[in-house]
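Read through the structure below, which is laid out as structure tokens, and then see the notes.
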Amino acid sequence: MEDFVRQCFNPMIVELAEKAMKEYGEDLKIETNKFAAICTHLEVCFMYSDFHFINEQGRSIIVELGDPNALLKHRFEIIEGRDRTMAWTVVNSICNTTGAEKPKFLPDLYDYKEDRFIEIGVTRREVHIYYLEKANKIKSEKTHIHIFSFTGEEMATKADYTLDEESRARIKTRLFTIRQEMASRGLWDSFVNPREAKRQLKKNLKSQEQCATSPTKVSRRTSPALRILEPMWMDSNRTATLRASFLKCPKK
């Protein structure tokens, strides 16, 4: 699974996921399913935000790659992917600037057009079940919830899907492709089934004990589908800024 994740996702997303797991004391070499889930969630958050801007009239517009209007205001502020201290700093700044109610839990995005925080969910289960779990945890009508599944289903607060249909279809297509690629490599069943995942985890731990001192040969082959899809969605005008702000950390 780890090899798949490194081939499938944009390097910046992989790096952010590694930092997040390290922050919570989790080992990505062991908890590979969680590594994949974090990368998937991060990518959906970035895809949700990319190419969406607010013009001078306050209307939401979509600006594709290469468009000269780079100075337009980004519609969404990305909170997910930052370390907790910086994330809360961003949330507090937004609340102070906009007057928004401070959420109890860290949200994933802030929508400057609709003036609301957004919680993004990506689930391997039924969307309505995951939606209810999110709603029960957050317990706030101020935070908008939007859930996506790997089967193309989605659910959002008051059926308000925020994005246009094409933008949402792009996210759904990406999730479906990730699922298909996992399935083709025999990874999907353990990713979606907790019992199978635990069995795989025990197998990984045993394998690590046996091969702790042995060199590991890693396959670098990437399927044609992944070569096409890998980081193509990333807004190149924003990548450098995101890398600088998200990955900044003191050198030890």
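Just so it is clear, glycine is given a Cβ too, placed from its N, Cα and C backbone atoms.
What Swiss-Prot records for L28 (among others) is site 'Important for efficient shutoff activity'. When secondary structure is read from DSSP and collapsed to three states, L28 (site 'Important for efficient shutoff activity') falls in the coil class. For L28 (site 'Important for efficient shutoff activity'), the same-chain residues that are 6 or more apart in sequence and have a Cβ closer than 8 Å to its Cβ are E2, A17, E18, M21, K34, F35.
Annotated site 'Important for efficient shutoff activity' per Swiss-Prot: L65 (among others), in sequence order.
What Swiss-Prot records for E80 (among others) is active site, and it gives similarity to another entry as the kind of evidence. Non-local contacts of E80 (active site) by the CB criterion (under 8 A, 6+ apart in sequence, same chain) comprise H41, L42, C45, A87, L106, P107, D108, L109, I120.
Positions annotated as active site by Swiss-Prot, on the basis of similarity to another entry: D108 (among others).
What Swiss-Prot lists as site 'Important for efficient shutoff activity and nuclear localization' is R195 (among others).
What Swiss-Prot lists as site 'Important for efficient shutoff activity and nuclear localization' is K198 (among others), and the listing cites similarity to another entry.
Swiss-Prot lists R199 (among others) with the feature site 'Important for efficient shutoff activity and nuclear localization'.
What Swiss-Prot records for K202 (among others) is site 'Important for efficient shutoff activity'.
Residues or ranges marked as region 'Disordered' by Swiss-Prot: 202-221.
Taken from Swiss-Prot, the feature site 'Important for efficient shutoff activity' covers K203 (among others).
Swiss-Prot lists K206 (among others) with the feature site 'Important for efficient shutoff activity'.
Here Swiss-Prot flags 207-217 as compositional bias 'Polar residues'.
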